[in-house]
Amino acid sequence: MTENAPVDPTSTEAWKQLAGIADGFTPDLRGWFDEDASRAEKYTFQAADLTVDLSKGLLTDEILGHLLELAKSVDVAGRYQAMISGEHINVTEDRAVLHTALRRPRDTTGLVPAAPFTVDGENVDDAVHATLDKVYAFAEKVRSGEWTGVTGKRIETVVNIGIGGSDLGPVMVYEALKPYVQAGLEARFVSNIDPSDVYEKTADLDPETTLFIVASKTFGTLETLTNARLAREWLWKQLAAAGALDDTDEARKSAVAKHFVAVSTALDKVAAFGIDPENAFGFWDWVGGRYSVDSAIGTSVVIAIGPDNWREFLAGFHAVDEHMRTTPLEQNVPVLMGLLNVWYSNFLGAQSHAVLPYAQYLHRFPAYLQQLTMESNGKSVRWDGSPATTDTGEIFWGEPGTNGQHAFYQLIHQGTRLIPADFITVANPAHPLKDETGDGSTVEAGQDVHNLFLANFFAQTKALAFGKTADEVRAEGTKESVVPAREFSGNRPTASILAPALTPSVVGQLIALYEHIVFTEGTIWGIDSFDQWGVELGKQLALQIAPAVDGDEAALESQDSSTKSLIAKYLELRD
Ligand SMILES: O=P(O)(O)OC[C@H]1O[C@H](O)[C@H](O)[C@@H](O)[C@@H]1O
């Protein structure tokens with residue numbers, strides 16, 4: 001334990017001031033924009049390539065001033081410095097928290113902390129770059145066809161088997177960077193212990209050209225190890241069926257050696273599974289699962305997009321890390337966004353937070369953020385074990401725009417709940433398309449469809465901010481009885497994040513941005529954003545209950561009456 005007792009944020013002067021403002025708060029985005037011609041400019045910030053407009057948020061200079069004071073009272077900057085320096089700020093697991101070290105460049109000139117950067121007796125930069133070199137060399141072999149399957153055919157499909165942080169990050173980044181994937185290579189991702197997942201993902205694959213990557217920090221996760229065994233059996237069976245595997249242990253071992261690699265911190269367990277530690281890529285206990293996409297856990301993506309693009313991806317993270325470390329709080333985008341989230345959730349009653357990427361390639365970003373934000377900050381005790389003094393952990397959710405517009409935006413626009421929303425988009429699409437015909441009325445022939453797409457982005461944030469008054473609705477000739485239903489209150493806060501294009505660097509920047517937003521909020525709430533004890537009980541019980549579901553009478557009898565009758569019903573229904 002290296003952290004002191006957290007400051008109780010509610011005891012700070014800033015908190016009291018904010019509570020005073022929140023009492024009877026009536027936001028007025030129309031008025032605020034009218035009064036201050038510089039509002040958009042004043043509240044638009046830059047972090048690396050990300051332009052972030054917070055002006056449609058529910059903030060004023062006074063609110064912002066108190067929020068910044070709050071950040072100072074709990075020393076967000078000092079704790080960030082402690083984190084990147086390797087202090088054990090994950091107190092409940094007594095670990096350093098060093099995902100930022102995964103993207104420190106090879107040239108350490110001017111870096112903070114300075115090289116040699118040693119944590120718990122290990123030179124972190126050397127360890128990180130040695131592993132990267134190993135991953136890069138392996139990826140190049142697969143990409144060039146030098147690495148082949150057991151029958152000498154080059155690899156065409158990489159199947160990542162992992163769950164949680166060993167799945168959500170790689171799949172999200174793979175989807176985000178699809179335009180960078182080498183032709184002739186595909187990655188797939190198996191996570192669920194529902195056997196349908198591994199079945200569907202392997203059904204049409206050729207075993208001779210398939211490489212499995214078993215990705216698990218602990219190499220002890222039930223889902224991943226079960227799926228890895230299923231995949232191994234699939235490989236053996238399919239190779240045998242193709243006449244490409246002799247019925248000997250030796251042949252099966254050789255097949256595993258060419259078709260299975262692993263990523264883990266537990267290399268002994270990798271060997272026990274039958275994967276040659278030579279074909280395993282390590283990382284360290286100071287990388288949390290949900291912070292691990294930029295470690296060797298991303299090997300499937302490195303193979304798909306190549307080392308050069310991966311280097312760009314890491315550089316994107318690092319640029320935002322440096323922004324977080326060096327930018328004064330007043331201009332510091334992750335800090336400002338984290339503070340606004342605290343304002344919305346602790347003072348204005350927001351329970352959830354929508355994240356709405358206007359970029360189809362980012363369609364898994366909301367799911368990725370759910371683990372990052374909710375596993376990190378869904379805690380009710382602080383890092384010293386005392387109860388949290390405030391609500392913590394926003395509920396993150398979302399879907400890409402414009403799809404969400406036709407589904408749940410109704411509630412964001414006109415519902416009774418306050419839902420702050422982050423709108424994320426890029427100026428340049430990977431595939432520009434024109435609508436050559438148009439529809440003859442609203443859409444001109446030759447319309448650039450990305451422009452049309454972005455018009456929706458701008459329209460939604462505008463509608464949410466400024467709404468539509470009853471008089472404006474009436475002026476359209478609306479029947480009086482329907483006016484209330486067609487009115488939009490406005491004052492629904494959004495943050496707009498605009499990047500030049502969805503490059504590897506920008507994807508890294510976006511991830512780092514949210515990592516540091518999570519950090520800022522966790523620091524204010526005084527919680528350990530880097531443990532996840534809340535996932536353990538269910539895991540333990542699943543193992544305890546498994547025999548009952550398999551027909552063990554005594555195990556069934558020992559369950560509570562609800563669980564017992566549910567299992568009984570399941571067994572009755574099961575063929
Ligand atoms: O990478 P693994 O050790 O297999 O862990 C996979 C996932 O499962 C755990 O239960 C945690 O909830 C996640 O934080 C973790 O990412």
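Each position is counted from 1, following the chain as shown.
Positions of Cβ are set from backbone N, Cα and C atoms, glycine also.
Summarising the annotation, TrEMBL assigns active site, proton donor to GLU375. Per TrEMBL, active site is recorded for HIS406, LYS539.
Distribution of TrEMBL features across the structure.
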| residue | record | CB count, 10 Å |
| --- | --- | --- |
| GLU375 | active site, proton donor | 22 |
| HIS406 | active site | 9 |
| LYS539 | active site | 13 |
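Comparing LYS539 (active site) with HIS406 (active site), their Cα atoms are 37 Å apart once rounded. Here the CA atom of GLU375 (active site, proton donor) lies 29 Å from the CA atom of HIS406 (active site).
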